[in-house]
Amino acid sequence: MAHPSQLGFQDAASPIMEELLHFHDHAIMIVFLISALVLYIISLMMSTKLTHTNTMDAQEVEMIWTILPAIILILIALPSLRILYLMDEINNPHLTIKALGHQWYWSYEYTDYEDLMFDSYMTPTQDLQQGFFRLLEVDHRMVVPMESPIRMLISAEDVLHSWAVPALGIKTDAIPGRLNQTTFITSHPGLFYGQCSEICGSNHSFMPIVIEAVPLKHFENWSNIMLTA
């Protein structure tokens, strides 16, 4: 969960998000090194006399400032491509859930069960219990078993939406007439909050997402209660 004055990302709750955090730190260190080098060269040129004017036409210098950026780009691109392939890989999911975006709420369908589906609306401020988050809590949370690969099928009923949960490293567009697919694994139990990340209308900021990751035994009890309700 994000908190005030937070400068970095939320704590990772999935292996993919951990990889994204590592890649972020890797890229930021490269940016810092480049920035420090450029600032050093600028300060050097402003504070000292230019004595080696012949270096402006040196072929060695031109080769260095051509090859070095290419190497830096490769160091950034290779880890990025690796994460992209990891995010697209779906290997024998234990559960498939379909999320459908509406104006302005989400509906969920557990496709492995016959009649397990429900709508998820934002909880009004006057109905919030103590300790719940305003504009982020919903009346029906999407419950998933922890440490299990979950496949999400995401689409929309009316306009463009975006199903995004930052702690899990998920952000997938919900497009009418198209079924997008993503996968995630929750590494520990807890509540993970997200919101629609596409400007979908006047109530765009009032269709939150709440994922509740629980042990498998608790998930089975919840599914039985929902099916018999």
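Placed from the backbone N, Cα and C atoms, the Cβ positions cover glycine too.
Feature annotations, reproduced from TrEMBL:
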type: DOMAIN; residues: 1-91; note: domain 'Cytochrome oxidase subunit II transmembrane region profile'
type: DOMAIN; residues: 92-225; note: domain 'Cytochrome oxidase subunit II copper A binding'
type: TRANSMEM; residues: 27-46; note: transmembrane segment
type: TRANSMEM; residues: 67-87; note: transmembrane segment
Residue counts (helix, strand, coil, in that order) that DSSP gives for the domain 'Cytochrome oxidase subunit II copper A binding' (92-225): 19 helix, 61 strand, 54 coil
Please work out the helix, strand and coil residue numbers for the domain 'Cytochrome oxidase subunit II transmembrane region profile' (1-91) from the DSSP assignment. 68 helix, 0 strand, 23 coil
